[in-house]
Amino acid sequence: LPLLLKATLLRLASGSYRPFYNGFYYNHIMNDNDDGQDKVDYFSGTKLVVETSRDPVYSYSGANITLPCHYRYEPDLGPKRKIRIKWSKLRDDYTKEQDVMVAIGKTYMAFGDFKGRAHLRQGSRHEASLIISDVRLKDDGKYRCEVIDGLEDESDVVDLRLQGIVFPYQPSRGQYRLNFHEAEQVCQDQGAILANFNQLFQAWSEGLDWCNAGWLADGTVQYPIRLPRKPCGGVHLAPGIRSYGPRHRHLHRFDAFCFSSALRGEVFYLDHLAGMTLEEAKQSCQDAGAEIARVGQLYSAWKFAGLDRCNAGWLADGSVRYPIVTPRANCGPAEPGVRSFGFPSKGRFGVFCYRER
């Protein structure tokens, strides 16, 4: 055997070596409880520390956002080392991760939906912040910043939350007609995505009370109750999110809870003296350099832009609705909200249009 290998074997046999890890030596000592379990203490060398924002980072659909991440060595190693940086997106249950991007030095690669939208900001020494451009609804969630230096691997998690609104949705054919995949599609058709539990919980904490059960993004079926009552789980149950748990995604049918974010564009109202049919309404929006608004866009304009209109208008799905910020006589219930006339097959109304800015 080569001399080097012989020397290594002799050291292993003697038991007088210290484990080697990432160029630094560590000293294994017994823990304070003396229960036979080892704990690792630094014998000499450097500790890698990765830090992200403790508070959530808030954004909205279409924006550009930076997720902060910095790392350091204790003690400082001096000049910047060539390390590997990896960003990934976590599932709510932390069981699976979606690769976002990896980088070594100035070379980086983004993956999947993040191609062309994700890159690193390295404006300062030991910075590994992630920039996401043209933020999308499904970007909402937790992200892991991982820094790898040889065998040393440390990470931290930052939470990206989109400013948005959850709204219940059922199609024109009535209540409880959507399987999971159809629910995903109808939310997408309305400029939204299926809400996750955290988004529904936030909406409930802000006052959402809805007795019809709807799909969420994880395949569960739930509904938010602020005022307990007999048809909605019973009067003796506390307020909260009622859950049916996971349902069969093909066979079971419910409504949907959709999530829409704040808008880059604007929603505005158009009307003719005699009102318009749905087709005439679509054409009027096109003539104004816009398109007929979707349900999610109307909800977002109501919540984030303060759109208040006591006139009913067509939307892209064939429904007729109107948004009320300040309740008043002849404008529906005493609470703010988006009122609905359903899906009238006849009638002439105004129209809500959406135009990008």
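Keep in mind that glycine also has a Cβ here, set from the backbone N, Cα and C atoms.
As written in TrEMBL, here are the features:
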type	residues	note
DISULFID	Cys211-Cys232	disulfide bond
DISULFID	Cys310-Cys331	disulfide bond
DOMAIN	46-158	domain 'Ig-like'
DOMAIN	165-260	domain 'Link'
DOMAIN	266-355	domain 'Link'
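A simple way to gauge crowding: the CB of Cys310 (disulfide bond) has 15 other CB atoms within 10 angstroms, across all the protein chains here.
Helix, strand and coil counts from DSSP across the domain 'Link' (165-260) read 22 helix, 30 strand, 44 coil. Taking a C-beta cut-off of under 8 angstroms and a sequence separation of 6 or more, Cys331 (disulfide bond) has the following same-chain neighbours: Cys310, Tyr322, Ile324, Arg339. When the disulfide-bonded residues Cys211, Cys232 are compared by the number of other C-beta atoms lying within 10 angstroms of their own C-beta, Cys211 comes out lowest. Taking DSSP states H, G and I as helix and E and B as strand, the domain 'Link' (266-355) has 20 helix, 26 strand, 44 coil. The residues of the domain 'Ig-like' (46-158), classed with DSSP into helix (H, G, I), strand (E, B) and coil, number 6 helix, 62 strand, 45 coil.
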